[in-house]
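Under the heading compositional bias 'Low complexity', TrEMBL lists 29-44. Residues annotated as domain 'Sodium/calcium exchanger membrane region' in TrEMBL: 146-293. Summarising the annotation, TrEMBL assigns region 'Disordered' to 26-48. Here TrEMBL flags 145-168, 180-203, 215-237, 243-269, 276-295 as transmembrane segment.
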């Protein structure tokens, strides 16, 4: 309150100074009253610049006019602030273009060689989805979103089963152990959706969401993705699932050590996602894959 009162007083003094400066004669054309007023105030020029700190020391008429002008200035300042605020909001709204609503899927034959090649490659995956699931991006399909949601989960399960089956058959054909196929090809295939979602949210500026999504998906895979199939297998068949892998204990130990290295590397780069951190992550991944493959092919022997 004291600071505000002092600012009000200084503003009133500055207004008085501006008023006195405005009445100065220009090229000798001042009136007699103005010259008399200036002559009366010329002797106290220093006192004008060092005006009294209280409004009570200013004459009543001048103080009243200054108070009125001060109130007017306050109102204009408030209006200016509101105007600037509204203008800032408008600028922000104009500067950030709204995202276009998603369009319904068009299954027509595209134009261009690249688009046609993509169309042919994705046709075995896209056509079953287009035939069985309502497109919620269209006005007619919005009310069928529960069917689309549940159907998408079923199609993901079907595609996952086919992917694991085909990867296992390819591994048997080229004599690659299933553990190696799971560590390399299946791991990369199941992480592509996480990669896509992380890139999308990172481009929108949500870096924390991208990192937490990647970490959370791995935790979900270990704590839910693996136990639920094992639980269902034990319920239906009445026996446990046997996991045979050479050096499993050492692989889990290496995985735990990799987690520590990841945390240390992020801390070394001051918790910022940059090119150096990305290169370091790639190197750690290749080291983990190489050591795990050495354990699988028994180039290294696990003591446990």
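Just so it is clear, glycine is given a Cβ too, placed from its N, Cα and C backbone atoms.
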Dominant neighbour of the transmembrane segment (276-295) in 145-168, 180-203, 215-237, by Cβ pairs under 8 Å: 180-203
Residue counts (helix, strand, coil, in that order) that DSSP gives for the domain 'Sodium/calcium exchanger membrane region' (146-293): 124 helix, 0 strand, 24 coil
Distal contacts, the transmembrane segment (180-203) - CB-CB under 8 A, six or more residues away: 160, 163-164, 167-168, 170-171, 209-211, 213-214, 217, 221, 289, 292-293, 296
